[in-house]
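These notes are about the structure you will find just below.
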Amino acid sequence: MKFFNNLFKKESKITVASGSKRVRISNSFLMFSNLYEAKKPLKYVLVYLLSIINAFLLLIFIQKTGLYSFGISSLTQGFARLVFVLLKSFDETQRLLIFNILYWLLYVFINIPLIIFSYKKIGKNFTILSTHFVVASNVFGFLISIIPGSDNLPPMLASITDTNFWKAAKDLNQSAGFVPFLWSDTSQGNVIISTFIYAAIYGFYNGISVSLLYILGGSAGGADFLTQYYARKKNRSVGSILFYVNSFILIIAILIGSFVAGSLLLQDVNNYRDSAWEVSLFFSPNLIATFFSILLTGTVVSYLFPRYNFAEIKVFTDKLEEVRKALLSDNANHSLSIQETLGGYSLLKKKMIVSVSMYVEIPHLIKIIRQIDKDCLVSITRIRGIDGHIYLRQN
């Protein structure tokens with residue numbers, strides 16, 4: 001026993017094998033990890049960039065195809081489509097102006113009480129960042145939509161597809177966006193296929209966009225204010241909540257903007273008069289494609305923004321006490337324990353810090369650790385399940 005005690009106290013010289021060298025490795029299973037600690041100017045630049053892209057894609061993939069976006073915005077889209085149909089006695093220019101005001105700007109005004117709610121219940125920074133996105137994306141969308149000739153803006157997919165798909169996409173683009181496609185109409189086969197492709201593209205993009213907004217500390221507004229509040233209160237993943245809330249709102253939106261508005265149009269068209277007010281008109285390809293898009297968005301958000309997934313962090317450092325004090329001064333109340341280890345080469349007793357943290361907090365913790373010890377080893381292990389109480393940072 002005395003021999004081993006003396007052995008542990010002795011500094012062992014470790015010979016590095018020939019052909020080996022010490023290298024720095026840094027990887028993360030958290031997507032966009034650098035953006036979690038982004039400075040405020042960069043956050044606003046990215047928010048406005050996302051808002052411009054969002055406005056353009058909404059015009060191309062949603063407004064012109066009869067699809068719907070998600071949350072409360074789908075209600076304003078459905079209402080705008082219904083009003084456009086009801087105002088058939090108005091001049092075409094007036095109808096389009098009213099339609100675009102309702103489609104884009106009404107959503108901003110509906111967000112006002114939700115913004116107040118968010119400011120009081122969630123926080124100042126989150127609400128301000130979200131408000132910038134809501135206002136910017138819808139104002140940009142409105143300005144683009146009133147540009148002369150924007151009604152004839154061709155779909156983005158048209159130039160990279162074959163002749164048949166181009167024809168289908170062109171027909172889709174020129175439709176009013178108010179009449180749902182019919183499963184029974186074989187002539188619309190290519191158009192229905194292109195609708196699902198559009199829904200997939202928008203759903204995937206929207207998942208990335210929403211995730212980036214969450215990572216930056218904001219949201220897309222509307223129902224997001226409510227889902228974020230509920231997710232933080234119940235400590236649940238945002239992705240699944242988004243799907244259920246958006247699905248419920250979407251049913252109402254399609255009932256107004258596609259079923260009612262579409263039936264009012266079809267009853268004046270001889271060839272399709274019998275399809276008006278049919279149940280099949282409600283369960284149209286537009287509905288299924290939009291649901292598919294929502295599901296895809298929720299899946300992408302759950303993957304890119306795993307807020308309530310946890311990981312175990314192990315810190316192997318020679319500056320243990322300083323790192324410990326830095327983590328404690330962070331005021332996040334992380335679980336923190338210190339374990340003894342035995343070096344496999346040196347047979348020296350050392351200590352390491354072990355902590356359990358949410359995925360989204362890992363970049364922040366690593367930043368704190370690196371400020372103390374740039375050469376320490378940080379090991380991160382996924383936790384598949386957890387049962388018990390843990391302190392969570394609320395902002």
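Glycine is treated like the rest: Cβ placed from N, Cα and C.
Keep in mind that this is a model prediction, so the values were computed, not measured.
Taken from Swiss-Prot, the feature transmembrane segment applies to 42-62 (among others). Beyond the ends of the transmembrane segment (42-62), by six or more residues, the same chain brings 35, 68-69, 77, 129, 132-133, 136-138, 140-141, 144-145, 150, 153, 155-156, 198-199, 201-202, 205-206, 209, 212-213, 216-218, 220 to within a C-beta distance below 8 angstroms of the stretch.
According to Swiss-Prot, the feature transmembrane segment maps to 67-87 (among others).
Annotated transmembrane segment per Swiss-Prot: 97-117 (among others), in sequence order.
According to Swiss-Prot, the feature transmembrane segment maps to 128-148 (among others), an assignment based on sequence analysis. Tertiary neighbourhood of the transmembrane segment (128-148): same-chain residues 43-44, 47-48, 50-52, 54-56, 58-59, 63, 96-97, 100-101, 103-105, 107-108, 111, 115, 118, 213, 216-222, 224-225, selected by CB-CB distance under 8 Å and a gap of 6+ residues from either end.
Per Swiss-Prot, the feature transmembrane segment maps to 196-216 (among others); the stated evidence is sequence analysis.
Proximity of distant same-chain residues to the transmembrane segment (241-261), defined by a Cβ-Cβ separation under 8 Å and at least 6 residues beyond the stretch ends, is recorded for 66, 68, 70-72, 74-75, 77-82, 84-85, 178-180, 210, 223-224, 226-227, 230-231, 281-282, 284, 286-287, 290-291, 294-295, 297-298, 301. The transmembrane segment annotation in Swiss-Prot covers 241-261 (among others) and rests on sequence analysis.
Among residues of the same chain six or more beyond the transmembrane segment (281-301), those with a C-beta under 8 A of the stretch's C-beta atoms are 66-68, 70, 74, 180-183, 192, 195-196, 198-200, 202-204, 206-208, 210-211, 214, 238-240, 242-243, 246-247, 250, 254-255, 258-259, 262-263, 266, 275. The transmembrane segment annotation in Swiss-Prot covers 281-301 (among others) and rests on sequence analysis.
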